[in-house]
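Written out below as structure tokens is the structure these notes cover.
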Amino acid sequence: MPAACESVLEDIEDIVSAEDLKPHDRQFVRRNVFPKVRKRNSQKIVQTDDEPPSDSIIPGVQKIWIRTWGCSHNNSDGEYMAGQLAAYGYKITDNSAEADLWLLNSCTVKNPAEDHFRNSIKKAQEGKKKVVLAGCVPQAQPRQEYLKGLSIIGVQQIDRVVEVVEETIKGHSVRLLGQKKDNGKRLGGARLDLPKIRKNPLIEIISINTGCLNACTYCKTKHARGDLASYPIEELVDRAKQSFQEGVCEIWLTSEDTGAYGRDIGTDLPTLLWKLVEVIPEGAMLRLGMTNPPYILEHLEEMAKILNHPRVYAFLHIPVQSASDSVLMDMKREYCVADFRQVVDFLKEKVPGITIATDIICGFPGETDEDFQETMKLVELYRFPSLFINQFYPRPGTPAAKMPQVPAAVKKQRTKDLSQLFHSYNPYDHKVGERQRVLVTEESFDSNYYVAHNPFYEQVLVPKDPLLMGKMVEVNIYEAGKHFMKGQPVSDARVHTASIRRPLAKGEVSGLTEEFRRSPQNGTNWKAQPSAEIPVKTQLSSCMALQLPWQQEGGGLKILSVSLALLAVLVMFYYGGMKTEL
């Protein structure tokens with residue numbers, strides 16, 4: 001079926017297939033069609049729900065493969081979309097080849113990430129897969145040629161992913177890119193209590209706000225995520241409580257800039273953190289996400305107290321991007337190098353052992369050799385244990401893309417020089433022989449170890465003993481590498497179970513109500529069932545009458561009344577001419 005909708009839609013109900021008859025055309029067709037006489041069989045054929053018509057498409061039974069690129073915020077969105085689809089009855093699969101539909105959740109920070117995204121779209125089309133696109137790339141530039149004719153779910157519309165997938169499976173092209181607002185005020189995004197499937201059942205990723213207050217000249221994410229919009233403190237605390245009740249033992253707070261949290265709703269980050277700390281169980285931990293220097297400067301004293309709390313990792317990600325004030329000005333970063341150093345020096349003094357992670361862009365337009373040497377000196381001075389080095393890529397539509405560019409060879413050499421400096425020191429050698437308390441939450445990429453983190457969020461590899469997963473244990477550090485330490489559990493030490501409840505199984509849906517859990521198949525009782533009177537392929541889109549439990553406000557009575565009204569319309573439509581067989 002050809003794409004039906006190229007324009008941006010506010011509501012999925014606006015979909016009209018290119019093959020659908022217009023009211024004027026329908027009258028003309030009636031006068032030129034002769035009824036076909038059907039021969040009835042002597043035996044009545046009963047069609048069961050298990051055997052739909054061969055030419056019908058029943059949404060909610062297909063297999064879906066989800067691929068996510070980018071930051072933890074994007075990963076959280078991917079988890080929410082997977083949870084809603086699974087709750088509705090779709091099967092989430094790790095096998096892309098067996099999937100009926102690919103949901104590709106993109107990142108727009110760098111050119112290589114978008115290249116991977118574009119290649120995945122091409123591969124899906126070559127494999128005759130249905131495709132739904134999500135994330136920052138299509139949100140920021142939905143009219144790119146390679147996105148033409150494909151369904152898109154906007155970053156603030158992820159609570160409607162079931163509807164978009166359902167229509168895409170039917171052959172429609174759907175685009176939902178609108179902003180969520182309340183009385184004209186932009187909201188943080190989709191609700192936090194949606195069903196989700198955590199990639200790691202022990203780790204909950206909570207987006208505390210979306211968007212930011214800056215206008216960095218190199219950033220494409222701003223085009224997708226927009227201005228700052230924060231979630232209320234009570235909603236974030238409730239989400240944390242629910243996560244702990246589902247066996248989570250580690251929470252990551254994420255956003256485009258956590259330090260700016262609350263400025264749009266009359267509160268601030270320390271206030272949120274103190275409220276969250278109150279509900280964190282013993283043994284569980286909280287990790288704070290990236291914050292830009294300007295906003296953390298205002299709260300240094302309180303932030304130091306919070307980062308010293310035993311249930312908060314002494315870790316902070318503060319991107320500096322460059323140690324040249326002239327480059328920072330061209331980037332419109334709204335701080336100078338002295339501000340960054342003030343934040344780092346203060347926290348290092350007040351939070352002993354704190355891990356400071358940072359980002360650096362090599363070869364930003366206008367960066368001179370002297371500018372770059374200032375950056376090298378900064379890294380040499382602080383010897384950051386975690387450093388994200390990025391060669392500059394001009395992103396289409398950003399002011400930096402129009403600036404005079406540093407030659408590619410120079411950018412590449414600067415990236416190489418900084419990488420060599422970073423790998424010239426080992427930040428953990430002095431910790432060999434220490435006894436550390438670590439929380440075990442993951443499996444290593446090579447599957448040979450379990451991954452734990454100490455109070456400074458430094459990575460510690462421990463033996464792959466299933467009894468250690470999800471536990472707070474003490475280990476002796478016996479080896480150190482560039483990015484990790486290795487620890488051996490202390491035999492006489494107490495092992496503390498961090499989770500207050502049994503964690504959900506991998507792939508199990510979080511946030512389902514008891515009513516959902518009692519249904520034979522998660523969520524299938526909420527689908528609009530095919531009518532016994534009307535052939536499936538002539539039915540109106542079921543999503544028009546569909547209101548998922550997480551979208552409810554008025555309760556079941558509202559669903560019933562709307563459904564009955566639509567059923568009446570369908571019957572009238574049917575008897576008004578849809579019986580005619582073309």
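Every residue gets a Cβ built from N, Cα and C, even glycine.
According to TrEMBL, the domain 'MTTase N-terminal' annotation covers 62-170.
Here TrEMBL flags 198-429 as domain 'Radical SAM core'.
Per-residue pLDDT, averaged across the domain 'TRAM' (429-491), gives 96. The feature domain 'TRAM' is assigned by TrEMBL to 429-491.
The transmembrane segment annotation in TrEMBL covers 556-576.
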The domain 'TRAM' (429-491): DSSP-derived helix, strand, coil residue counts: 6 helix, 32 strand, 25 coil
Summed over the domain 'MTTase N-terminal' (62-170), the DSSP helix, strand and coil counts are 53 helix, 24 strand, 32 coil
